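Features reported for this protein in Swiss-Prot:
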| type | residues | note |
| --- | --- | --- |
| BINDING | GLU60, GLU61, THR76, GLU77 | Ca(2+) 1 binding site |
| BINDING | GLU61, GLU77, ASP80, ASP82 | Ca(2+) 2 binding site |
| BINDING | HIS91, ASP98 | Zn(2+) binding site |
Amino acid sequence: YDKRRHPKKLTPLAYKQFIPNVAEKTLGASGRYEGKITRNSERFKELTPNYNPDIIFKDEENTVMNQWPGVKLRVTEGWDEDGHHFEESLHYEGRAVDITTSDRDKSKYGTLSRLAVEAGF
């Protein structure tokens, strides 16, 4: 009797596929918009910085490295205050992140999306 957990087969997400299958701004995906966080707001203190020098952005489980040795997770946008997103963007609250891989290989994006879903994003 084998009690070991077998790794789940990761199916890449399709282009423009969402998990859950609803748009980013809907209640089912991200909850209510709570308002933009600025550097001077109290909520700014709740954001968690990441200073790990070995990765472009934190990947504690090394899922990207395990999937593609030598490749790092690359965050292109996280919390933001520049005003370049739509008015109620979750980037302004620190609840949205745009990711890619360090080698910028677009063929990896479907699997990268699935890894993000499996990690709870």
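Each residue, glycine too, has its Cβ placed from N, Cα and C.
Taking the features listed in Swiss-Prot, we show where each one sits on the structure.
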{"residue": "THR76", "record": "Ca(2+) 1 binding site", "CB count, 10 Å": "11"}
{"residue": "GLU77", "record": "Ca(2+) 1 binding site", "CB count, 10 Å": "14"}
{"residue": "ASP80", "record": "Ca(2+) 2 binding site", "CB count, 10 Å": "18"}
{"residue": "ASP82", "record": "Ca(2+) 2 binding site", "CB count, 10 Å": "8"}
{"residue": "HIS91", "record": "Zn(2+) binding site", "CB count, 10 Å": "20"}
{"residue": "ASP98", "record": "Zn(2+) binding site", "CB count, 10 Å": "11"}
Task: Cα-to-Cα gap, ASP82 (Ca(2+) 2 binding site) vs ASP98 (Zn(2+) binding site), nearest whole Å - done: 15
Task: THR76, GLU77, ASP80 screened against HIS91 (Zn(2+) binding site), Cα within 10 Å - retained binding-site residues - done: GLU77, ASP80
Task: Cα separation, ASP98 (Zn(2+) binding site) to GLU77 (Ca(2+) 1 binding site) (Å, whole number) - done: 5
Open item on the list: Under a three-state reading of DSSP, tell me whether ASP80 (Ca(2+) 2 binding site) is helix, strand or coil.
Closed with: coil
